[in-house]
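Peer 1: Here it is, the structure, as structure tokens.
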């Protein structure tokens with residue numbers, strides 16, 4: 001752990017070296033390419049298949065492709081069609097004979113028959129929507145009838161007026177449309193009957209050619225509609241939201257001051273009584289569709305301190321001794337200093353001179369401490385430790401006579417330079433970075449092998465589409481048991 005922390009702390013330092021940058025680049029490329037190869041090999045998909053097999057059969061979502069899936073949405077009208085004041089009207093039909101419209105707190109019975117209960121001479125004619133106030137006691141009933149009339153296609157300016165019973169009479173409310181297939185109302189009757197077909201799917205037209213036919217609307221609760229508005233009738237009539245949507249579309253030109261339909265699937269931000277509520281009144285309740293909503297400084301003296309088997313080092317020791325002696329005897333006279341120096345030099349050099357004299361007598365090359373040779377590296381300026389140029393028979397040796405010596409020194413110089421460079425690089429390149437580069441390369445090689453081989457990810461029914469997310473067994477059935485075993489041949493498939 002400490003090595004890893006040190007590695008991250010030294011990132012700004014070792015990135016100054018080109019080699020380190022290369023190692024980092026190689027590591028990143030190897031890791032990224034390795035992950036891509038693993039993904040393309042199908043290993044991840046195969047593991048997901050084993051982990052998730054049989055666990056997604058009940059979610060109702062079928063995956064068709066990589067980014068496409070089969071889904072569904074349920075249209076709910078519960079809040080929209082609730083029986084509250086000023087809610088939208090909703091429609092239902094019972095046995096193709098009785099039609100009902102629920103508007104606010106009121107329910108209306110709609111029938112088509114050949115019986116006329118109203119007469120123009122004795123009842124109220126409705127020429128415009130305001131006249132509905134003479135027929136119905138409650139304003140919420142008036143706007144519902146007004147809306148329904150518009151949905152049927154009634155034109156208040158051009159079409160014949162409707163008839164209604166005056167609200168002061170005890171018999172109850174009644175509104176009548178003449179939709180006969182005769183006389184001068186033939187075209188108007190056809191338009192109203194077509195409106196009924198749009199509002200109520202499966203509407204049966206009982207009108208006969210050449211005979212009278214009327215569409216009547218009664219408010220449930222009045223004496224004239226009591227027999228058909230009981231709970232036994234209304235409980236059997238299931239309000240159909242599709243019919244209601246047809247009703248909304250056909251009534252799109254009708255404006256209601258208490259709630260206005262702004263768009264097909266949205267409402268204005270008001271409360272249930274129509275008062276403005278800036279910021280919304282639980283908007284989800286008013287929607288038709290609600291959703292479940294990253295050199296080492298090696299001087300000649302330093303080398304001689306490590307190795308003293310060189311004539312040059314002997315001479316350096318002599319010079320160094322003399323220098324120290326002069327510092328020690330600084331207050332003595334010059335004569336005494338010279339005498340001491342000569343004495344010391346004689347004591348130190350007697351042994352060397354004796355050895356050289358013996359070598360001279362035996363014709364063996366020796367050093368007279370006057371000339372030295374060394375090997376120099378012309379590019380870097382580094383050189384070897386100077387060595388004495390030997391003498392034999394009074395003359396210096398030819399370079400060819402000690403060729404092996406200077407070739408060996410050259411090899412030592414090169415080795416020393418390489419060792420120095422290696423040590424420098426070792427100091428600047430963390431071992432952790434080298435390890436990362438090595439193992440990332442191994443990871444890339446292994447992933448490349450898996451990518452070339454390929455791993456199957458899931459079963460298919462032979463010759464059919466991808467079954468995801470349903471995981472098939474060898475018999476072609478879903479592992480979770482939602483679908484039976486088809487006993488069709490299956491094949492392992494790579495990707496989908």
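Heads up, residue numbers simply count up from 1 along the chain you see.
Glycine is treated like the rest: Cβ placed from N, Cα and C.
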Peer 1: Looking at the ranges 415-435, 436-456, which is given as transmembrane segment in Swiss-Prot?
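Peer 2: Feature transmembrane segment in Swiss-Prot: residues 436-456.
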Peer 1: Which stretch does Swiss-Prot mark as transmembrane segment, out of 3-17, 18-32?
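Peer 2: Residues 18-32 are the ones Swiss-Prot records as transmembrane segment.
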Peer 1: Would you identify which of the glycosylation sites 368, 376, 398 has the most other C-beta atoms lying within 10 angstroms of its C-beta?
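Peer 2: For the glycosylation sites 368, 376, 398, the Cβ with the most other Cβ atoms within 10 Å is 368.
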Peer 1: Consider the glycosylation sites 95, 166, 178, 368 and say which one has the Cα lying nearest the Cα of residue 376 (N-linked glycosylation site).
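Peer 2: Out of the listed candidates, the nearest Cα belongs to 368.
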Peer 1: If you count other Cβ atoms within 10 Å of each one's Cβ, which of the glycosylation sites 95, 137, 178, 393 has the most?
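Peer 2: Of 95, 137, 178, 393, the one with the most crowded Cβ is 178.
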Peer 1: Which one is it: of the glycosylation sites 95, 368, 393, whose Cα lies the shortest distance from the Cα of residue 166 (N-linked glycosylation site)?
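Peer 2: Result for residue 166 (N-linked glycosylation site): the nearest of the glycosylation sites is 95.
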Peer 1: Validating a neighbour-count step here. Other CB atoms within 10 A of the CB of residue 166 (N-linked glycosylation site): how many?
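Peer 2: Around the Cβ of residue 166 (N-linked glycosylation site), 13 other Cβ atoms lie within 10 Å.
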